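Asker: This is the structure I want to talk about, given as structure tokens.
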């Protein structure tokens, strides 16, 4: 492959776009723009325009703020990962935040009556999965559109949450539950985890290249393979070091990454995940090759229910309380769907990645955080969120590889 | 007119691989297939032609197990078989490529070819099959073999997304998927209907290649030029009945068109 040298930048961009990591590009661009604006442009502008400022105040890019950003985005990201799975099918889940709310409320009540934290968490995860499966059965076997079923779920579960929490608020002080957000990994352990992660990835890349060569298949372009690795390594190490420089890597972030890795692996590397993409791409095709489309849809809704329950647990852990407005009644649902879509997951199914949902959640979180720091009103926040959603989807549509138009 | 020299008997041919006889199918009051006999041999392209509503699609769906006939017998290599659904037909090696192809455009060629039966890596037996990691390399090798077997030369890589392929390439991929599933009978429904000249040529090459690889090919089309280019025999249906079967070399387009539109015995005398 000596002609690789002559590839132009555009071709390289194309190659990257078509690789598995390629869909990261637009959402990362959006993230970079937002961080650049709030982190660099705004403080410098303030410094130059106001004569009484004595130094530049990089508050947005401070490690403390970035730590908070990660924690704030974790709940949204957990839900967004689940929603991505049903979006891949071409369905939608409007009830995810309400499910998370019901699960969080149930968790609070269980902890209050003295159920051990870990049992309460397991019960709540089961309940969340059941709520998802129940909706999935209505969608797949009765044939009601997912929009309608989950809209009904959204309303019904909001009511259910109010029934469980008549006062609308409940403090959670169970140590196990609070632990997800409170426990911090020791600095060295965080770095070691990062090193191990990158080493495993490097090994996987080398093994894959060697196997491809041994079996006489066309090799991945080395530029793409190692480029991806370097890219992930930079992302992982910079995250760990920034978090370490404030406190340390919180357990919740590690769990979120772990759950996303598992979901990502299932969706991209197993026959089940392939069937999700197949149903999303062309459900008739999936049916003809003998896939049980109905069961796949039910399973996907079970997964989103499970992840919503996990989001509920994370939320209860982080806020130390369960409140109606933080889950079912607030902006969590739209932020999660927005995060998945900003991450480049198609609403028509068949295209997307759960990893992008995390980055999408960071985009939404950064926007809210940055606007808060610059003293913007709630009205400004909403309008900016809408604009950034449109912008991210537009970037994605423009830079999409040929042949996937309309998806 | 030379029509009388042809009997409604099937001309002698290599012993049939798939043979059906006395197929009857009613849809409510409509007698869609009336006592149909049909056969196809290995290494042969059998064209199935007829006007709209002649029963081509119904017969094809009966063969594929998508419709269950009211009456009729099936033989595969001389052994009588019964087909009670698409799964049974697929198990017996009878595959159908519908006109809409039903490919997943969001997946690559290799993934489409092994959709529903992805090879999984060894050593993950403790997981249920649907959660074992897919052996992507094995999948690509199988896909490459299937593509090479059909000699689809224009396809750059089995890792290309199907959404970016041309119509002819997609048709070839759909055929490769049907062939890859250990099939012996491949039915093609109007494979060139929406294609341009170059694409049609590509698909016809794939059909010829299927004959060379000793498949029994049933080719449904309206396009006489394609049929005369690729078929060995032509079976004409009219109003749900057999008209006759010709060897392609011994007939003409006009004769087939007359048979399709007016039938045989009437010989033009009882034109309705």
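Yeah, the Cβs are placed from backbone N, Cα and C, and that goes for glycine too.
So TrEMBL lists these for the protein:
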- A:21-46: transmembrane segment (TRANSMEM)
- A:66-89: transmembrane segment (TRANSMEM)
- A:141-160: transmembrane segment (TRANSMEM)
- A:180-203: transmembrane segment (TRANSMEM)
- A:223-243: transmembrane segment (TRANSMEM)
- A:249-267: transmembrane segment (TRANSMEM)
- A:296-316: transmembrane segment (TRANSMEM)
- A:322-342: transmembrane segment (TRANSMEM)
- A:354-371: transmembrane segment (TRANSMEM)
- A:383-399: transmembrane segment (TRANSMEM)
Asker: Give me the stretch from A:66-89, A:180-203, A:223-243, A:322-342 with the greatest number of Cβ pairs under 8 Å to the transmembrane segment (A:354-371).
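Answerer: Looking at each of A:66-89, A:180-203, A:223-243, A:322-342 in turn, the most contacts to the transmembrane segment (A:354-371) are made by A:66-89.
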Asker: Restricting to the same chain and to residues at least six past its boundaries, which positions have a Cβ under 8 Å from a Cβ of the transmembrane segment (A:322-342)?
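Answerer: For the transmembrane segment (A:322-342), the sequence-distant neighbours (Cβ-Cβ under 8 Å, at least 6 residues beyond its ends) are 27, 30, 75-77, 79-80, 83-84, 87, 92, 94, 96-98, 100-102, 104-105, 107-108, 154, 157-158, 161-162, 165, 168-170, 172, 311-312, 315-316, 352, 356-361, 363-364, 385, 388-389, 392-393.
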Asker: Residues of the same chain, at least six outside the transmembrane segment (A:180-203), with any C-beta under 8 angstroms of its C-beta?
Answerer: 71, 229, 232-233, 236-237, 239-241, 243-244, 247-252, 254-255, 313-314, 317-318
Asker: Can you work out which residues elsewhere in the same chain, 6+ from the ends of the transmembrane segment (A:66-89), have a Cβ less than 8 Å from its Cβ atoms?
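Answerer: Same-chain contacts beyond the flanks: 96-97, 100, 146, 181, 239, 242-243, 246-247, 250, 252-253, 256, 259-260, 263, 267, 276-277, 279-280, 296-297, 300-301, 303-308, 310-311, 314-315, 318, 332-333, 335-337, 339-341, 343, 345-347, 349-354, 356-358, 360-362, 364-366, 368-369.
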